[in-house]
Amino acid sequence: MVRAKRKLDHIEYALSTGQSRTHGFHDIEFVHQSLPNSSYETITCETKIGELSLSSPIFINAMTGGGGEKTLHINEQLAYVAKHHNLAMAVGSQMAALKDESEAASYKIIRKVNPNGIFFANLGSEATVEQAERAVDMVGANALQIHLNVIQELTMPEGDRDFTGVLQRIEEIVLNSKVPVIVKEVGFGMSKETMQQLASVGVTAIDIGGQGGTNFAAVENERRQRMLSYFNNWGIQTATSIIEATSTNNNLSFIASGGIQTALDVAKAIALGANTTAFAGYFLRILMEDGIEKLVDEIDLLHTDLKFIMTALGAKTIEELQSVPLVIKGETYHWLTQRGIDTTHYSRR
């Protein structure tokens, strides 16, 4: 019951605290092209994460599950939206269902709604190989997300305090998993050092989960008597984390998430090097406040606007969008300079 109550608390406080929008994309500007030699009607948006082919560079990221009927209904609606738009979708952490079988229905519902969809299972970095296998089987997953959430756990009143052995556990899961493993942050971003460590143990896909969206330190602080306010502004902004990712020069696929709300955010994330982008808090707010049809319409508009932007830039495919010139300014440029990451190739390609 404690875990289920926490799941419901997370939904409530995620909606009430909102998204910070401190993702850093305001520091990224495209170089205008007056002769793009492109046509809106021929723009294609297919992309890949590793060996997984996706019809869109937008997918529905992990949100919830394991909180009884309310979370079942949310996942049911999200699965419908994913089916309508042929989007990939991740479920929230399944540890609740591994510990309490009665909660499994709130995750399994997605396959009932969308039998042929692409779904990602989800567990924390404390998971064992056996738990990872059960989570994948529970939803017939095409991939497994392992989330890293140190700051959230430290801020959580009942959270973990021991993070030793995490890389070794991830390596064991990667070696034994029958589906691709995606390691993701939950809103605090990833450094190039972390990504290099993950690549060294065989991880091939990373969701950078940057600062700028739902702030889980702020969410957990709402649940505390004594706030750990120093964690509320902790992390690496989404735009910065994408560039840190691409600077590693590893053969990794990258998912950009963290405050992404617009087609321009999507285009900038991909142009910086992401293979796809993920929405969570923004979609949840629309669903909860305006309903499922409004969310369906919003995703239609996102795809339309993304194709407009790609047409303006002369990028006929997602791969071409990854090579358009752009300029990095402001705090993002300052951070990257201090970190020894050269940005000139973005503006001169």
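The first residue you see is number 1, and the count goes up from there.
Note that Cβ sites are derived from N, Cα and C of the backbone, with glycine treated the same way.
Per Swiss-Prot, the features are as follows:
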BINDING   ARG6, LYS7, GLN152  substrate binding site
BINDING   ALA62, MET63, THR64, SER93, ASN122, LYS184, THR214, GLY258, GLY259, ALA280, GLY281  FMN binding site
BINDING   GLU153  Mg(2+) binding site
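Sequence features, as recorded in Swiss-Prot, placed on the structure.
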residue : record                 : DSSP (3 states)
ALA62   : FMN binding site       : coil
ASN122  : FMN binding site       : strand
GLN152  : substrate binding site : helix
THR214  : FMN binding site       : strand
GLY259  : FMN binding site       : coil
GLY281  : FMN binding site       : helix
If you skip the near sequence neighbours and keep only those at least six away, which residues in the chain come within under 8 angstroms of ALA62 (FMN binding site), Cβ to Cβ? ALA90, VAL91, GLY92, SER93, PHE120, ASN122, GLN145, HIS147, LYS184, ALA280
Using Cα coordinates, what distance in whole Å links GLU153 (Mg(2+) binding site) and THR64 (FMN binding site)? 17
With GLN152 (substrate binding site) as reference and a Cα-Cα limit of 10 Å, the qualifying binding-site residues from THR64, THR214, GLY259, GLY281 are none
Taking all protein chains shown into account, the Cβ-based neighbour count within 10 Å for THR214 (FMN binding site) is 26
Within 10 angstroms of the C-beta of GLY259 (FMN binding site), the count of other C-beta atoms across all shown chains comes to 27
For a quick check of understanding: given the listed FMN-binding residues ALA62, MET63, THR64, SER93, ASN122, LYS184, THR214, GLY258, GLY259, ALA280, GLY281, what is the maximum Cα-Cα distance in angstrom, as an integer? 20
